[in-house]
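Input: a single structure, listed below in structure tokens.
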Amino acid sequence: MADILHDRDRHRLSFSANELTGAIGDSITVLPLVVALAVVTEVSLPHVLLAFGVFQVVWGVVYGLPVSVEPMKALAALGVAGTLSYAELALSGLVLGVVLLVIGGSGTLAAVERWIGEPVVRGVQLAVGLILFETAIGLAVADPAVAGAGLGIAVVAVAVGYGNASALAVLLAGVGAAVWAAGVPTPTLPGAPPLPALATGATREAAEGMIAQLAMTVGNAALATSLLFADRFDAEVPPDDLSTSMGVMNLLAVPIGGIPMCHGCDGVAGKHAFGARTGGANVILGIGYLLAAPFAAASLLAAFPLALLGTLLAVVSVSLAGSVRQSSNLALSVGIGLAALVVNLGVAFLVGVLVHLVIERVGDVGGDDGGDGHGNDGDDGHGNDGDDGDDHVDDGNA
């Protein structure tokens, strides 16, 4: 982390118009899931926005780069689907905070990633997308006309060249409908955080969710984000440092009413695409979240059209599931995604890891028989078959 502070001088904060528009790139991945989670669970939206606002500013200043601060999507999706309660989400965030701190502090993140494997990460992403889509359909059928209107908004956003912002467009329509029905809420400062009884969160479902989330976080929030910073910003941000900062963030955010959070590479890519080049985008977005928190009243959430929420989740789910196309083993990734629907996400993940390790082992044996004498057969020693090890750089979601 000291290296990050030293390197920050090369990325001084800017507050230009590009940083302002760049801030939108991260909110696209955050707000739809956060609002959906607050509508269907006991999560307090004002406290969640407060936590996101604080850590957007903190990491923008610390890294000097447009670092993403997003919900941990596997856990958030399971919460939206009703599989995990608020207590299970909170406990998961604290446990993963400790795990990420240990991994980052010990420098073992790359080793963990090699055990999990890129196809497994893609499979978990597909599973999360399918779980969200299943929930979306259940909400949308309650009022097909409203859901159809939301779909029309998303289609228009795509047609005019703002496909990445289609979920945000649907969200804004839902907020507008809620304000129309409930009126503009009186701003109220968030009170004491509504901490759940953590002991009730120690369940098998929470454990399975944590295991699956760890795969996404290691693959696409630490390693992929580190590579993305090197590619797009010419900045060295070690993945172990990102793991450490995510650990710290969760251990501090959950006690103030936040939800499990991570540094997703899709948010970094979104900020870059919208013009952000420094941590100034984080500061701007963080202030925006902090200003919005007092207006996130329960009455406004209660008035949010559930059918429109279904459309919103459907748009998000398509984005998440779409990353499976980049898998280096499409059959394995799709199998994990489908198994998650039939059985559950945790079992699908564990079986996927075992299958991946068997495939890797068989590949190594084949390399020993016909390779270069060192068992590599043209690969890089990690089963990547001559690639550059950047499988996670694309637009993976964490």
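Every residue, even glycine, has its Cβ placed from backbone N, Cα and C.
Residues annotated as compositional bias 'Basic and acidic residues' in TrEMBL: 371-385. Sequence annotations record features per position, and here TrEMBL assigns compositional bias 'Acidic residues' to 386-398. What TrEMBL lists as region 'Disordered' is 368-398. The transmembrane segment feature in TrEMBL is assigned to 20-41, 48-69, 89-112, 124-142, 148-181, 279-297, 303-324, 336-359.
With respect to Cβ pairs under 8 Å, the transmembrane segment (303-324) is most closely packed against 20-41, considering the stretches 20-41, 48-69, 279-297. The transmembrane segment (336-359) shares more Cβ pairs under 8 Å with 124-142 than with any other stretch in the list 20-41, 48-69, 124-142, 148-181, 279-297. Same-chain residues lying 6 or more positions outside the transmembrane segment (48-69) and placing a CB less than 8 Å from one of its CB atoms are 1, 4-5, 7-13, 19, 22, 25-26, 29-30, 34, 37-38, 190, 225, 229, 233, 235, 237, 245, 249, 253, 256-259, 261-268, 270-272, 276-283, 285-290, 292-293, 296. Packing against the transmembrane segment (124-142) from elsewhere in the chain are residues 73-74, 77-78, 80-83, 212, 215-216, 220, 306-307, 309-314, 316-324, 333-334, 336-341, 345, 348-349, 352, 396-397: each is 6 or more residues past its ends and has a CB under 8 Å from a CB in it.
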